[in-house]
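Contents: one structure, followed by commentary.
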Amino acid sequence: MAEEKLTFIPTADLVDIIGSDVRSCDTQFRDLGGVVEFCGKITTVKCFQDNALLKSVLQEDNPGGVLVIDGDASMHTALVGDIIAGLGKDHGWAGVVINGPIRDSKVIGQMEFGCKALGTNPRKSTKTGEGERDVTVSFGGVDFIPGEYIYCDSDGIIVSDEIVQPV
């Protein structure tokens with residue numbers, strides 16, 4: 001059976017559709033990509049000040065996917081720069097949500113790619129490959145579970161265990 005198509009729905013409308021069980025992320029992210037409204041199936045990476053693993057994930061084809069990166073809210077080193085964001089864009093990803101900073105924000109802001117992050121820091125991360133992939137990550141009062149769905153816009157982030165249909 002073919003998977004249902006995911007259609008972007010504004011997060012405020014999703015709250016109205018889902019109701020009191022809504023999973024809305026409390027963390028206040030900055031919209032730093034050239035695309036503000038994006039959605040997709042969640043893939044996760046948990047890493048701390050090291051971006052080698054997430055770079056390898058974004059080199060995989062994943063049309064419409066969203067990579068949720070938990071950098072433990074460390075602002076010490078950027079986890080994504082223009083090269084890594086470009087890899088994601090070129091491999092079909094809709095965007096990234098980063099519990100940490102990015103760098104090269106001017107270039108990323110001009111890409112047709114969604115990018116929500118806590119802020120910016122020009123400092124590079126290490127590249128040892130440490131981290132975990134496809135594990136549940138939690139921040140902002142929400143569990144981000146691989147295979148579930150994320151909807152992002154200027155109002156925030158909503159996560160759902162199933163595709164939500166517009167009403």
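Every residue, even glycine, has its Cβ placed from backbone N, Cα and C.
So that you can see what the record holds, here are the features copied from Swiss-Prot:
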type    : residues                           : note
BINDING : GLY81, ASP82, ILE83, ILE84, ARG103 : substrate binding site
BINDING : ASP104                             : divalent metal cation binding site
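Everything Swiss-Prot records as a feature, shown here on the structure.
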residue : record                             : CB count, 10 Å
GLY81   : substrate binding site             : 19
ASP82   : substrate binding site             : 17
ILE83   : substrate binding site             : 11
ILE84   : substrate binding site             : 24
ARG103  : substrate binding site             : 22
ASP104  : divalent metal cation binding site : 19
Between ILE83 (substrate binding site) and ASP104 (divalent metal cation binding site), what is the CA-CA distance rounded to a whole number of Å?
9
Cβ-centroid neighbourhood (8 Å) of the substrate site, GLY81, ASP82, ILE83, ILE84, ARG103 excluded:
ALA78, VAL80, ALA85, GLY86, ILE102, ASP104, VAL107, ILE108
I need the CA-to-CA distance for GLY81 (substrate binding site) versus the residue listed as 'divalent metal cation binding site', whole Å please.
5
If one measures from the C-alpha of ASP104 (divalent metal cation binding site) to the C-alpha of ASP82 (substrate binding site), what distance in angstrom results, rounded to a whole number?
5
